[in-house]
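Single-structure report; data block below.
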Amino acid sequence: MEFSSFLTSLGTSFVIFIVLMLLFAWLSTKPGNAVVYYPNRILKGLEPCEGGSRTRNPFAWIREAFSSTEQDVINMSGVDTAVYFVFLSTVLGILVLSGIVLLPVLLPVASTDDGLRKNGNTTTSKGTFNDLDKLSMANIEEKSPKLWAFLIAVYWVSVVTYVLSWKAYKHVSALRANALMSPEVRPEQFAVLVRDLPEVAPGQTRKDQVDSYFRSIYPDTFYRSLVVTNNKKVDKIWGELEGYKKKLARAEAISEGSSTRPTNKTGFLGLCGKQVDSIEYYNEKIKELTKKLEAEQKVTLREKQLGSALVFFTNRVTATLAAQSLHAQMVNKWMVTEAPEPRQLVWSNLTIKFFERIVRQYIIYFVVFLTIVFYIIPIGFISAITTLENLRKLLPFLKPIIDRAEIKTVLEAYLPQLALIVFLALLPMFLLFLSKMEGIPSGSHVIRAASGKYFYFSVLNVFIGVTIGGTLFRTMKSIEEDPNSLVPLLAKSLPVNATFFLTFVALKFFVGYGLELSRIVPLIIYHLKRKYLCKTEAEIREAWCPGDISYATRVPNDMLVITIVLCYSVIAPVIIPFGVLYFALGWLVLRNQALKVYVPAYESYGRMWPHMHNRIMGSLLLYQVTMFGYFGVSQFSYTPILILLPILSLIFSYVCRKKFYNAFCHTALEVASQELKQTPNMEQIFRSYVPPSLISEKQEEDGQFEDALSRVSRTGSSV
């Protein structure tokens, strides 16, 4: 990449961000756009703009983001979001403290050497990027004593990471404990999930089995159980019923706005069949499906009970003890764990047996491995062919277009990075599907699992794949002539690829966060839906509902950036300011979004943090191994000193896991034993876990009967 192309990419990305930020400042003050830019505040009954002013300073959002406290974030978006900002702050601190030392020390050391000229190296075509290359380790001669400065810098970055990661782990542990000690009643603290139920004895129902088992162990605090049922058929009927209710509301809204009653055809997709009055037709279908649903609910609750259940206790200390206790001699029977939030339950996974879950897990790991291996081929190919030099060779007919100065500059600035970003966007949904197929019982755990897969994928394919792919494509002839030169060539390619990653990071934070802040795409979609599709208030609300912060893709993308910046922090220190800008801008923009836009889909009380910490340690370990290899290729005699760092990282990770991790897997009893400010309504807690398709007021009116939801069973009554 030529220096002009790099400046073009950086400059245009910055201009795009400024334009998008000004667009946000203008659009967010329009009354009709408030539901797009302030949905979280609106749902909580607050004024969209703080102070209520529609003519406020266009940069007021920056002051509001900076002045907000951690408690403000927790109040608006929950503990998980606050923990995410701890992650951003920690990584930002690592890069700032690293840059304070590395930039003023390493840049002068590198620029005063003459390794590039003496080795006859030009790291890019025509050597036009040499001014920037002189600020990297590529300009240090082999065996030079100046390498000592870079070796000490590797230790400095590692020590800073250890210290800040430790402080962050302690802080997040305190956040989690404080949230769980809250005097507010939370349903999941009074329930446990029981899986792998043994076969039912003759003459006994599944409900009898669960009730008698837990009543015998916890006679004073057992409340009742909810046996998981096969809800496929009842869910289908309930879905159809809800669909017709929405259609009826829409037809009534259309009827109120016009003098004629709406009609529709009863055939396939409303395109054929008999023409009927919509309101009358939908009312008839609702009555028909309501009766059908009630009948199916009774059948499901009585005859379709499966091998897992939710058990409720009147005391959250008992629920905590039960979730951490071994209830059966065999590990594949009566497995009890903490219950997820009601909205997090993945009902289809609750009844998957113990050994089947293990088999599924290994199969999914193998599929992910194959995905990584096969994806690295097209990504490496893309990174290779999207350079202009290689495009000229592969597609000679494009030469007249590519060689035009203005087109060449733009293509060099954006083509490789955009191709990579688009290619990566195709992956997250597939990884979420794979994670769900493992048999994981909660939505937040599915997100964590998908995030981990995406991290390994992005690091192995983007960081390593781009480096290796681009190098192999450029140096294929040299490797054919001398196969032993592969390792040195790969090592020497690291400073070359730094320019690609500089542009990649800049594109992500300027353009990516500009689009995030301006919300242009959601704004356009909302107004199109409202004008042409939405007829009822429910449809309008659904059109602007923002969703959550999408940790499954956001966290791995951040991890990829920290991996890139760490690995190049000593090799090419000029990348550090770009990493600082990425996380600083991310903290600022996402702070605004967390306070005003995104609505959490779940709350796991910081359960994501151990995974974040492990990925930071993984990035640090990769950085240390990379530097060890690079110093070795530089033939520096004191390279073995770096062997200590990976060992320290493994020890540090082990100590953190032993000290902190168990409190994230389970709730400590000293936390669960805190007093509540009110007596829990156990019936309300129980009802919060009942699937919507099984809720029926008529069942209560008809009296109690023995089924998956009943309060009594033949073995006796419960509290």
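Every residue, even glycine, has its Cβ placed from backbone N, Cα and C.
Keep in mind that this is a model prediction, so the values were computed, not measured.
Record features, source TrEMBL:
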- 5-167: domain 'CSC1/OSCA1-like N-terminal transmembrane' (DOMAIN)
- 189-349: domain 'CSC1/OSCA1-like cytosolic' (DOMAIN)
- 360-631: domain 'CSC1/OSCA1-like 7TM region' (DOMAIN)
- 698-719: region 'Disordered' (REGION)
- 6-27: transmembrane segment (TRANSMEM)
- 82-107: transmembrane segment (TRANSMEM)
- 147-166: transmembrane segment (TRANSMEM)
- 362-385: transmembrane segment (TRANSMEM)
- 414-434: transmembrane segment (TRANSMEM)
- 454-474: transmembrane segment (TRANSMEM)
- 494-515: transmembrane segment (TRANSMEM)
- 560-590: transmembrane segment (TRANSMEM)
- 636-656: transmembrane segment (TRANSMEM)
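Residues 90, 93-94, 97-98, 101-102, 105-106, 109, 137, 140, 566, 569-570, 613, 616-617, 620, 623-624, 627, 631, 634, 636, 638-639, 641-642, 645, 648-649, 652, 656 of the same chain sit 6 or more residues outside the transmembrane segment (147-166) yet have a Cβ under 8 Å from a Cβ within it. Confidence in the domain 'CSC1/OSCA1-like 7TM region' (360-631), given as mean pLDDT, stands at 78. Sequence-distant contacts of the transmembrane segment (636-656) (same chain, at least 6 residues past either end, Cβ-Cβ under 8 Å): 142-143, 147-148, 151, 154-155, 158, 162, 165-166, 169, 613-614, 617, 620-621, 624-625, 627-628.
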